[in-house]
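**Student:** As annotated by TrEMBL, transmembrane segment applies to 26-46, 79-97, 151-172, 184-204, 210-231. Annotation source TrEMBL lists domain 'Ferric oxidoreductase' at 111-226. What TrEMBL lists as domain 'FAD-binding 8' is 264-336. The domain 'Ferric reductase NAD binding' annotation in TrEMBL covers 360-489.
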Amino acid sequence: MLRPLLYSYKDLNESQKEVRRKSLDFIGYSVLFSQLTALVYVYVYANFLGRGVVRRLEWRLRYRILGGKTPIRGRVQSVGAAVVYWSWMGLIVWLCAKDVDYDYLHLTKAFGMAAAASLPLDVLLGMKYSPLKLVFPDHSYEGPVNVVHQWLGNQIYLLLTVHVCLYLKFFWDTSRMKTRLLEIDVLCGVCAFGIMTILVTSAHPLVRKSFYSVFYNLHIILSALLPPLLYCHVSHSRPYVIPTVGMLIVDRVLRVMFTMSTAATISLDPQSSILDISVPFPHKPPPPSGSHILLNVPSLSLWTKNPFTVVESGNGHVRMVARVQGNLTRKLTRVTKVPVNIESGYGGHGVNKELVDGVDRVLLLAGGIGGTFTLPWAQFLKANGVDARFLWAVQKVGDLQWAGDGVALAEVYITGGHGNGEGGRGGEEGMELLDVSSSRNALSVPPLSFSSGRPDIRRAVREVVGRDGKVLVMMCGPDLMAEDVKNAVRSHVLTGRNVTLHMEAFGH
């Protein structure tokens with residue numbers, strides 16, 4: 001099918017062009033049908049098939065890291081992810097290349113049509129108030145759904161890249177480069193491709209993490225400019241562009257409607273560089289502890305919203321904690337009270353009883369500021385008499401001050417700031433051993449267990465999972481720690497243990 005030397009520029013009559021147009025339309029319908037089939041399969045698997053041998057196969061594929069390297073969130077990082085990603089890409093390429101009869105322009109247009117037909121689902125996956133939540137209530141906007149949104153965006157960009165390159169070659173070979181590139185339809189297409197290039201580049205995990213505000217602003221502004229350009233580029237893509245625009249508008253309107261304006265009270269612990277943020281919720285119930293919110297400070301940035309985790313919730317207010325590391329948090333250290341806009345309701349696993357119904361034991365693992373998610377769960381589990389164990393690794397004792405009495409629920413490990421992240425492989429050589437007794441005295445409430453070095457995650461998982469019953473493992477922390485947790489739990493799942501793993505991560 002894809003033999004470039006056999007493709008030629010065919011001069012078609014009107015009836016042949018009509019046949020080609022119907023074939024291109026069929027490609028778009030086929031992409032939509034394939035997406036619908038995939039969604040139905042995911043629903044059936046999640047509700048009926050994800051057990052026993054099938055579940056163990058999922059773990060073999062999903063949590064086996066490619067090349068043994070540290071995973072980066074949002075990247076195709078496991079064997080299973082690679083199989084899904086490239087199988088889907090192969091299906092789309094096959095749909096584009098079949099039945100083109102070695103017609104160069106037919107193939108070129110097919111890649112563009114497949115990209116356009118993929119846009120509505122990509123926007124649907126990226127919507128905060130997506131209708132998909134009615135079908136997949138356990139999958140939150142910022143979890144696996146958002147990762148698939150990133151994957152599909154990358155695939156759309158790859159399809160558009162092939163589409164653009166093939167057309168440029170056609171313009172060059174037919175001496176139309178100087179004329180066609182100045183015509184409005186081609187100019188709109190080129191500008192749309194330029195916007196997609198900026199969006200994909202800024203959404204790369206490394207760029208997004210280092211320049212979050214730049215990524216966020218570009219995503220908001222440029223994603224609004226893309227549909228009009230595609231609408232003007234070619235009329236045949238409009239059946240896919242118009243629903244895309246409609247979904248973007250609905251999502252933006254709903255997010256504005258559910259955004260609350262209030263004032264935040266801010267304090268800073270200079271020893272640990274931890275911000276403590278308290279926000280009142282006077283007009284509606286506050287979000288639950290362990291969930292996430294997006295916070296915007298209009299006086300600092302008109303558009304940018306940054307994610308924060310709710311540590312405490314009740315009495316009409318919420319409390320959040322964050323480490324000073326980005327542009328927004330550095331600016332917040334200079335104020336004590338500031339007007340803010342808050343958008344709540346993020347996070348699929350805020351503290352709730354339904355998640356632990358039927359669970360015999362729970363293992364909580366946190367690295368550094370990841371305790372903002374796990375500590376509320378530890379407090380909730382203790383109050384409800386659930387058998388739980390909580391391991392918390394931090395760089396220094398000052399990182400625990402914000403937790404107050406909650407520290408007593410944890411087995412604390414002080415790593416001394418060495419390595420690539422709190423909580424990793426136990427027993428590493430060269431670890432700086434801290435004076436545990438003096439560190440314990442620095443806390444007003446001593447933890448149940450206080451150790452130097454890093455926790456032995458594999459041993460902790462073995463001790464909790466090794467007995468019969470249903471076990472829930474919840475983790476929030478750095479990538480290295482997450483990799484260790486996945487590997488430790490994976491070995492037990494493959495032997496048939498009833499273990500559920502939740503890896504908490506929040507962002508865009």
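Cβ from N, Cα, C; glycine included.
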**Student:** Would you kindly list the residues that approach the transmembrane segment (26-46) from elsewhere in its chain, counting only those six or more residues past its ends and only Cβ-Cβ distances under 8 Å?
**Tutor:** 54, 88, 91-92, 95-96, 110, 113-114, 116-118, 120-121, 132, 135-136, 138, 239-240
**Student:** What else in the chain is close to the transmembrane segment (151-172), if you only count residues 6 or more beyond its ends and a Cβ gap under 8 Å?
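**Tutor:** For the transmembrane segment (151-172), the nonlocal Cβ contacts are 9, 76, 85, 88-89, 92, 96, 104-105, 107-109, 111-112, 114-115, 118-119, 121-122, 125, 180-181, 189-190, 192-193, 196-197, 199-200, 203.
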**Student:** Could you put numbers on the helix, strand and coil content of the domain 'Ferric oxidoreductase' (111-226), residue by residue per DSSP?
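**Tutor:** DSSP classes over the domain 'Ferric oxidoreductase' (111-226) add up to 94 helix, 0 strand, 22 coil.
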